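Peer 1: I have a structure here, written as structure tokens, and I will follow up with some questions on it.
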Amino acid sequence: MGQTIAEKVVSHHAGRQVMANEIAIVAIDGAMATDATAPLAIKAFREMGGVRLWDPSRVVLVIDHAAPAPNEQVSNLHALMRAFGREMGCVLYDVGEGICHQLMVEYDHVRPGQIILGADSHTPTYGALGAFAMGVGSTDLAAAWLTGKTWLKTPASIKIVLDGTLRTGVSAKDLVLFLVRQIGADGARYQAVEFTGSAIRSLSLASRMTLANMTAEMGALTAFVDLQGLDLPYRFDPIHPDPDAVYSVVYSFNVDHLLPQVAIPHAPSNVVPIDEVAGTPIQMAFIGSCTNSRLEDLRAAAAVLQGRKLAPGVRLIIAPASRQVFMMALQDGTIATLTESGATFITAGCGPCVGTHQGIPGNGENVITSTNRNFRGRMGNPHASIYLASPAVVAASALRGVITDPADVL
Amino acid sequence: MSVFRGIAHVYGDNIDTDRIIPGKYTKTLDAQTLAAHVLEDLDPNFASRVRPGDVFVAGYHFGAGSSREQAAIALKVAGISVVIARSFAGIFYRNAINIGLPLVEAPDHAILDGHCVWVDLEQGLVVDETSGCVYRSARMPPVMVAILRAGGLVNYLRQYGDYEMECAAT
């Protein structure tokens with residue numbers, strides 16, 4: 001019987017033929033934790049009797065969720081991570097390097113066909129590189145540090161075929177918001193999502209990461225974006241699904257006429273085309289997170305804001321995905337354009353998206369953001385309302401002070 | 001470890017991890033602090049009302065969102081003995097088992113708040129004593145039963161040193 005990509009990768013790592021719903025113990029290729037999850041993992045690892053990591057070169061710690069530390073309590077947890085990193089000799093990216101998922105890809109910790117565990121729910125992002133990447137909690141991660149293995153129920157797969165070409169001003173974020181609406185918040189629960197079709201071919205790696213990233217909002221365990229058209233600096237053998245692979249469901253969409261999309265409070269699956277919410281006042285705008293804060297995202301915002309000023313009473317906060325993204329945006333003038341428009345830059349990291357510090361909205365405020373979740377209280381205040389959109393929509397809305405289709409201002 | 005009996009606290013669908021424990025409270029290794037803030041934005045009285053051994057009952061997709069294990073820890077330390085839901089988000093489900101918080105998926109339950117409920121994990125049975133209704137759940141994978149039986153993944157690995165293939169067999 002034919003296999004899906006997920007079944008092939010799990011079989012390879014289990015050392016035997018495995019099909020959907022079978023439990024397997026698999027060797028892993030990498031394990032990532034952040035300051036939101038590593039401290040608990042360190043505690044669990046010690047309690048398990050752990051004294052050394054199974055392979056320090058494959059263990060990555062990232063200080064990004066509340067970085068720089070907003071108080072002494074968080075600073076002490078960061079210090080715990082640094083001490084553990086030194087003792088174990090593993091890889092540690094400190095304050096300001098950037099967002100975990102961005103760094104895993106930027107620094108080549110992920111390759112096609114690997115199995116990577118990440119103690120963060122947006123780990124499926126690495127599906128943009130054809131890796132089986134799965135989010136876990138701290139104790140699961142500690143066990144992986146100790147054994148170099150994990151157990152999993154091999155996921156069934158959903159196939160999403162995307163054909164056509166996105167219109168100017170419509171991005172991968174609009175596409176994935178549309179898909180989250182179609183599939184539902186738990187429509188892909190515990191499944192692998194395979195993206196394929198001609199519309200993928202023209203997408204950048206950054207856009208593919210955005211697609212894979214938000215499969216977490218469909219409940220997916222992992223995601224795979226077809227590698228066709230992707231130019232990677234190393235040789236690899238792409239894993240193709242067998243023609244007779246079995247899928248739990250296949251969706252086909254043509255993206256030619258897709259409009260910008262907005263997720264309205266308080267769920268990422270509450271998605272509407274922008275014309276249904278255009279005109280809603282906003283007080284805060286944020287461009288950041290593992291979903292949309294890469295160079296192409298900052299450039300999309302700069303294209304909207306070039307030579308113009310933010311609406312009075314609106315603050316636009318930007319956290320680049322990484323130091324490298326920040327450097328590139330400095331060199332090409334994007335940072336200057338955005339800063340001149342009135343935007344404020346903060347450290348590359350996750351803070352406002354998780355509501356831990358820097359950019360927490362006030363009571364009754366509306367926020368438009370390029371992040372991935374608009375659960376009540378997500379950005380640190382349960383009395384604020386969060387709208388999710390593409391960086392271009394966030395920028396256009398910050399320019400007008402109301403939710404705005406970028407086509408109306410470009 | 002397999003039979004639990006307690007009073008049900010019933011909540012709805014799509015209760016995400018930010019509702020169970022907001023991100024701003026997760027920056028600690030102190031489990032009591034987590035328990036003190038559990039579900040506070042959803043129900044400010046929950047932490048003071050819950051008694052040791054109580055049962056948490058939810059609808060679809062309980063634990064959606066973040067990988068934060070603190071959500072499962074907060075519920076357990078607050079006194080919840082077992083969580084019943086119509087369905088669970090994947091990472092939350094694993095986290096709960098890993099820290100020794102039993103879970104049971106009962107897609108068709110009609111349990112009401114305040115009902116007395118008992119759960120037999122081995123048999124996959126949920127019984128609402130107050131209404132007399134009996135619900136069946138899917139059997140938990142053997143590897144999960146083994147982890148839960150050990151009291152969580154820390155104890156499991158202390159005991160075995162590695163994952164046991166026979167535990168994983170379906």
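Glycine residues also receive a Cβ, built from the backbone N, Cα and C atoms like all the rest.
Worth saying up front: this structure is predicted, and the values here are computed from it rather than measured.
Heads up, here are the entries from TrEMBL:
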{"type": "BINDING", "residues": "A:Cys290, A:Cys350, A:Cys353", "note": "[4Fe-4S] cluster binding site"}
Peer 1: Select one residue from A:Cys290, A:Cys350, A:Cys353: among these binding-site residues, choose the one with the most other Cβ atoms within 10 Å of its Cβ.
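Peer 2: Comparing the binding-site residues A:Cys290, A:Cys350, A:Cys353, the most crowded Cβ belongs to A:Cys350.
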Peer 1: For A:Cys290 ([4Fe-4S] cluster binding site), what is the secondary structure state per DSSP, taken as helix, strand or coil?
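Peer 2: Reduced to three states, the DSSP call for A:Cys290 ([4Fe-4S] cluster binding site) is coil.
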Peer 1: Return one of helix, strand or coil for A:Cys353 ([4Fe-4S] cluster binding site), based on DSSP.
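Peer 2: For A:Cys353 ([4Fe-4S] cluster binding site) - judged by DSSP and reduced to three states - the answer is helix.
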Peer 1: Within the same chain, and leaving aside A:Cys290, A:Cys350, A:Cys353, name every residue whose CB is within 8 angstroms of the centroid of the CB atoms belonging to the recorded [4Fe-4S] cluster site, in sequence order.
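Peer 2: So the additional residues around the site are A:Asp64, A:His65, A:Ile99, A:His122, A:Gly288, A:Ser289, A:Thr291, A:Ser293, A:Ala319, A:Gly349, A:Gly351, A:Val354, A:Thr371, A:Asn372.
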